[in-house]
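What Swiss-Prot says about this protein:
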type: SITE; residues: R11; note: site 'Transition state stabilizer'
type: BINDING; residues: G111, S112, G113, L114, G115, S116, S117; note: ATP binding site
type: BINDING; residues: S117, E149; note: Mg(2+) binding site
type: ACT_SITE; residues: D161; note: active site, proton acceptor
Amino acid sequence: MAILRGRAPLRLGLGGGGTDVEPYSSQFGGRILSVTIDKYAYAFAERGTGDEIAFRSPDRDRAGQASIDDLASLEEDFPLHVAVYRRVIAEFNGGTPFPLQLATQVDAPPGSGLGSSSALVVAMLLTTCALIGSSPGPYELARLAWEIERVDLGMAGGWQDHYAAAFGGFNFMESRPNGEVVVNPLRIRREVIAELEASLLLYFGGVSRLSSEVIADQQRNVVERDADALAATHSICAEALEMKDLLVVGDIPGFADSLLRGWQAKKRTSTRISNPAIEHAYQVAQSSGMVAGKVSGAGGGGFLMMIVDPRRRIEVARSLERECGGSVAPCLFTKGGAVTWHIPESTAPVRRGVADAVASALGNAGILLCAGCVLATSHSTWRVPV
């Protein structure tokens, strides 16, 4: 019996945040510039026995199991897991339930502003689908994940996180009035990526936020046609396009200026976007060498994304940790979106001589194989003996 593993990357929202949320997105069209980073949501799935459903989330110290008929009893501790399971049954298994063991973990805390819950839904959805032999493409995967969170569960938010997790990499995404989302992958030069990675720091002050409160405030301002908030959201939408153009041509100083303008506009969309703790951290970072920064995600807490002079990275990090507490870390960008792979519980043994020959040839080519790992090509799969 195969064990399916999957992961979906978390993301940094660079520009356009909030324009992907209803009713703004359908009324005016949203624009999002985002990039995925080397932090992931993971899902590990295998078929259960009998009629048992078992969910585990070690990073949240949660575990639970129930019969298929008693699935609702798991909703309180595992609302996302239950909703994903129900969708997979309805969309890909003809309405027929099946026993399942599903474990998950995420590289960032809830409320981090990195799209962790949406990436988790994408990872669970793709992995559970793969377990029953289905493989939705990135557009279908993102749309279904969005529906699970926003429609099935009624969770507040936009669409950018699901599409970022499904596609991966640098993307400029736009929504149409009919709800269609178009993802435009960006080709960013390697030296531009290297400079951005050298300039980027993430600061986490230890305070997560409830994004639904911030989003509800923004939605209310759009519905009530709050002039300043609506103008600010239009500005954010326009800035996303400007930022994309600057990034493509490699204008990092211009990109940083655009990021700063976007943050200033975002704070006008809701009084909940920033708070004294965020402003204090922002000022400390600026005085130490930060060029521009913004809170990732809806706002109100989570990670502060900073563009700094690469020569002053250590100075900025030490100042923040000394004066504000929390932690500062670098991050790297990733190209790929959600992916699954399988780990056979048992495989047919291969002759030691063949395995040694393969390992020797690969070693001569500079490729190292670990004992027990699975090597796959387009034609065959071998298991290297332990």
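Every residue gets a Cβ built from N, Cα and C, even glycine.
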Next on the checklist: I'd like to know which of the recorded positions E149, D161 has the most other Cβ atoms within 10 Å of its Cβ.
Outcome noted: D161
Next on the checklist: Through the lens of DSSP with three states only, how would you label G111 (ATP binding site)?
Outcome noted: coil
Checklist outcome for this item: R11 (site 'Transition state stabilizer') -> DSSP, reduced to three states, gives strand
Checklist outcome for this item: Across all protein chains shown, the one of the binding-site residues G111, G115 with the most other Cβ atoms within 10 Å of its Cβ is G115
Checklist outcome for this item: G113 (ATP binding site) and R11 (site 'Transition state stabilizer'), compared by Cα position, are separated in whole Å by 9
Checklist entry - What is the total of other Cβ atoms whose distance to the Cβ of S112 (ATP binding site) is within 10 Å? => result 22
Checklist entry - So, in DSSP terms, is E149 (Mg(2+) binding site) helix, strand, or coil? => result helix
Item to check | Other CB atoms within 10 A, centred on G113 (ATP binding site) | outcome: 28
Item to check | Spatial neighbours of D161 (active site, proton acceptor), counting only the recorded positions R11, G111, G115, S116 and Cα distances within 10 Å | outcome: R11, G115, S116
